[in-house]
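Colleague: When I checked TrEMBL for this same protein, it listed these features:
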BINDING   Gly10, Pro11, Arg12, Gly13, Lys14, Met15, Gly99, Thr100, Thr101, Ala125, Pro126, Asn127, Phe128  NAD(+) binding site
BINDING   Lys38  NADP(+) binding site
DOMAIN    131-265  domain 'Dihydrodipicolinate reductase C-terminal'
ACT_SITE  His155  active site, proton donor/acceptor
BINDING   His156, Gly165, Thr166  (S)-2,3,4,5-tetrahydrodipicolinate binding site
ACT_SITE  Lys159  active site, proton donor
Amino acid sequence: MNKIRVVVAGPRGKMGSEALKMIERQDDLELVACLDHKFEGRKINEVADFTSLDAIIFTDIQDCLDNVQADVLIDLTTPEYGYLHTKTAIENGVRPVVGTTGFTEDQLDELTELSEEKGIGVIIAPNFALGAVLMMQFAKWAAKYFPDVEIIEKHHDNKLDAPSGTAVKTAQLIKEVREPKKQGHPEEKETIEGARGADVDGMRIHSMRLPGLVAHQEVVFGAKGENLTIKHDSFHRESFMTGVKLAVDQVMKLDLLVYGLENILE
Ligand SMILES: NC(=O)c1ccc[n+]([C@@H]2O[C@H](COP(=O)([O-])OP(=O)(O)OC[C@H]3O[C@@H](n4cnc5c(N)ncnc54)[C@H](O)[C@@H]3O)[C@@H](O)[C@H]2O)c1
Ligand SMILES: O=C(O)C1=N[C@H](C(=O)O)CCC1
């Protein structure tokens, strides 16, 4: 069996460490290198106690891809480096599976074009939890019948980007079926700026950041005399790993960029 050769960027992070544990459990994946912002040249098991994998750490993606044979890059870093890593991987013929959130629309467009030009598969998924993907699909369905909707996302307080990638993706999916509509009182005024949340075509996104949270979202629909709430909770980051493994397998068969796990689920 030919194993899929994987590089993980952000291996010591909350998600990256789960990704390494996931790779260690799989017979068909091989960790060939890690990308970190420190510990150049060390082995990952020398600097992290949660893994016995002994892949070498690089601090520069081009150096890494020049020196190891890789099929897939799993990126779980920051918006700035995630974008640089994804672009460099595509340019080097390595298929990115990207969990990092916070890319701009322009960056997504640019990466889509580049992947098409190079014929390299890319999967960018703002949420790898299967329950979250279903929550987004259910929300899109509900929005056809309930155009008044607010999204409340709740995450741990180390998160860099707001709103979450999941909330942005949910709003995009809802936009596909909902006419733009200003919600609330036509003359409502915020007496404290931001009170009504971010505005996407008149639907509101509220972002909560608190210690103790992992990743949670409620999509609340309102109509006369009734409310519908669609809710998903990730209590542990292991919840994302089924989706990461699925994406690694599927990206090997793609020659373009796919944004959202729903596009590769059967
Ligand atoms: N798609 C999903 O399902 C999903 C789920 C959880 C988190 N995320 C996203 O994944 C990203 C990481 O989240 P996290 O909670 O693991 O964050 P984290 O802060 O725990 O981990 C990020 C890691 O990236 C590393 N890093 C920073 N700069 C780097 C560089 N230049 N090269 C290599 N590594 C570098 C840091 O050292 C850190 O260990 C975030 O963007 C988050 O929004 C996505
Ligand atoms: O922990 C995070 O950060 C997460 N980010 C994703 C997002 O922005 O939607 C998904 C869940 C966890």
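Yeah, the Cβs are placed from backbone N, Cα and C, and that goes for glycine too.
Bear in mind that the values here come from a model prediction, so they are computed numbers and not experimental data.
Give me the structural setting of these features: burial, nearby parts and distances.
Modeller: Non-local contacts of Gly99 (NAD(+) binding site) by the CB criterion (under 8 A, 6+ apart in sequence, same chain) comprise Met15, Ile74, Asp75, Leu76, Ala125, Phe128, Phe240, Val244. Annotation note: Gly99 (NAD(+) binding site) sits in a coil segment as assigned by DSSP.
Lys38 (NADP(+) binding site) falls outside any helix or strand according to DSSP and counts as coil. Listed in sequence order, Thr59 are the same-chain residues six or more apart from Lys38 (NADP(+) binding site) with CB atoms under 8 A from its CB.
Long-range Cβ proximity for His155 (active site, proton donor/acceptor), meaning a same-chain Cβ under 8 A and a gap of 6 or more residues, is found for Ser164, Ser207, Met208, Arg209, Leu213, Val214, Ala215, His216.
For the recorded site, His156 ((S)-2,3,4,5-tetrahydrodipicolinate binding site), the DSSP three-state label reads coil. Sequence-distant contacts of His156 ((S)-2,3,4,5-tetrahydrodipicolinate binding site), defined as residues of its own chain at least six apart whose C-beta falls under 8 angstroms from its C-beta, comprise Arg209, Leu210, Pro211, Gly212, Leu213, Val214, Ala215.
For Lys159 (active site, proton donor), other Cβ atoms within 10 Å of its Cβ number 15.
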Colleague: Taking only the binding-site residues Gly10, Arg12, Lys14, His156, which have a CB closer than 6 angstroms to any atom that belongs to ligand 1?
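Modeller: Cβ < 6 Å from ligand 1, in sequence order: Gly10, Arg12, Lys14.
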Colleague: Using Cα coordinates, what distance in whole Å links Thr101 (NAD(+) binding site) and Thr166 ((S)-2,3,4,5-tetrahydrodipicolinate binding site)?
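Modeller: Given the Cα positions, Thr101 (NAD(+) binding site) is 9 Å from Thr166 ((S)-2,3,4,5-tetrahydrodipicolinate binding site).
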Colleague: DSSP on the domain 'Dihydrodipicolinate reductase C-terminal' (131-265): how many residues come out helix, how many strand, how many coil?
Modeller: 42 helix, 39 strand, 54 coil
